[in-house]
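Q: Dropping a structure here in structure tokens format, bear with me for questions.
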Amino acid sequence: MNTRNETFEKLGIIGTLSNLLVYLTSVFNMKSVTAATIINAFAGTVNFGTFVAAFLCDTYFGRYKTLNVAVLACFLGSLAILLTAAVPQLHPAPCGTASSCIGPSGGQIAFLMMGLGILVVGAGGIRPCNLAFGADQFNPKSGSGKRGIDSFFNWYFFTFTFAQILSLTVVVYVQSNVSWTIGLTIPVVLMFLASVIFFAGAKLYVKIEASGSPLASVAHVITAAIKKHRLKSVKQPWLNLYNYYPSKYANAKLKYTEQFTFLDKAAILTPEDKLEADGKPVNPWNLCTMQQVEEVKCIMRVLPIWFASSIYYLTMAQQMTYPVFQALQSDRRLGSGGFMIPAATYVVFLMTGMTLFIIFYDRVLVPTFKRITGIETGITLLQRIGAGIFFALLSLIVSGFVEERRRTLALTKPTLGLAPRKGEISSMSAMWLIPQLVLAGIADAFGAIGQMEFYYKKFPENMRSFAGSIFYVGGGVSSYISSFLITTVHRMTQNDL
């Protein structure tokens, strides 16, 4: 049920957003740089929104209730974007082939931003919770449950990349060649179906209640450790550090680890520390449990991996936007019949590369590596993440060579004419974009899935939504950096164009 909901949700959201670059430049008459900046800012805000959603999910509502709100918000946001196309008063007048045209009014921009804002709430709520909610349906204490979780991560990504492929082909074609109104109606209908399917399974789901935010525990532990920094470390901390579990505590109990021992002082019980009748600390800012300290250590251990993955995030942010502009100014004709592939559809090669490689990885590479290494998953998660970073860098290098070739042909060889307000259309076939996109897809199959699974397995149950959010926060940071890079390069090179 969860993967079917994910399929329709991704079809809805990606169907709305995948062609948004073209929509903003062709319907809202925006410049390419402005449109790319808005897209990257939106993507960054969605990804940072996952952090807020994870906090609310873990602290107050739980994953199921958070998804209730998020699914409805995605539907309403998609509906608002549809209205900007369907209602003439909500978008500027078309300018055809004119070199300059009237841009959107303040009211039109405001309504568009309102729709994108609602989508931020929806997508920001779904992303950190949906994967963890799906994994909640497996029993991690059984052998079949553990195997199910390992395979679930691969097939989860396979399902929604398949949905993205449909969005980037069928939906984008309808939007670009038939009607924007009809093309944006499809995602709205699919989001409605996603809502119906999700709520239909309400009685079947395993629902884990909220048990407090790890962010609050982080603040408590750091504050208490600073206050008690002068105390001497205790001997045998696994026995002598203060620990407390509520009567209905259902999460895994973490064992003591000998890393970041300066944090242990937050769990040293002193005569000044007061306890309630059930053993709970009166002031959580002065005394924390060993469990809380170990949760903070989990975050500390993950941070270096998160920072190291920043190159991967930035590369993927570029590969999700810039190839659309490359395709717009390349030869997109297919065969002699004159059929022209929509520019946004080229991103489907990234999704196809990822989808096919996931199948190959899960069915061929994992069993092969397992026989060699003896590891259940074939290779370690860190090795998988490292492979993702390598392929992401390789993708960007290939992209640079392709762009140099495209631009050189546009400036020196006979072109296919002018793209409205964009310049010369290169005679280079847009099919030359496929290698960089396939490499980016392989990078996603290694890096994205590896990171999600790594974060999921390194955190206890009450931090699973937080684990999902930090993956997307990394993407959010890269989206803002990508916007900065685009703006900077444009300003420095605009006299050379």
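Including glycine, each Cβ sits where the backbone N, Cα and C put it.
Annotations per TrEMBL:
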TRANSMEM  12-30  transmembrane segment
TRANSMEM  36-57  transmembrane segment
TRANSMEM  69-89  transmembrane segment
TRANSMEM  109-133  transmembrane segment
TRANSMEM  153-174  transmembrane segment
TRANSMEM  180-202  transmembrane segment
TRANSMEM  339-361  transmembrane segment
TRANSMEM  381-402  transmembrane segment
TRANSMEM  430-449  transmembrane segment
TRANSMEM  469-489  transmembrane segment
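Neighbours and distances for these, please.
A: Same-chain residues lying 6 or more positions outside the transmembrane segment (36-57) and placing a CB less than 8 Å from one of its CB atoms are 17, 20-21, 24, 30, 63, 66, 70, 116, 119-121, 123-125, 127-129, 210, 213, 215, 317, 320-322, 325, 465-466, 468-470, 472-480, 482-483, 486-487.
Remote same-chain residues near the transmembrane segment (69-89) are listed as 5, 9, 12-13, 15-16, 23, 27-28, 53, 108, 111-112, 114-126, 129, 180-181, 184-185, 187-188, 191-192, 194-195, 198-199 (criterion: CB distance under 8 Å, separation of at least six residues from the stretch ends).
Within its own chain, the transmembrane segment (109-133) has Cβ neighbours under 8 Å at 2, 5-6, 9, 13, 16-17, 28, 42, 45-54, 57, 63-64, 66-67, 69-81, 83-84, 90, 153, 156, 205, 452, 456, 464-469, 472, counting only residues six or more beyond its boundaries.
The list of residues near the transmembrane segment (469-489) in space but at least 6 beyond its ends in sequence, with Cβ under 8 angstroms from a Cβ of it, reads 33, 36-37, 40-41, 43-48, 50-51, 53-54, 127-128, 302, 306, 309-310, 313-314, 316-318, 321, 448, 451-452, 455.
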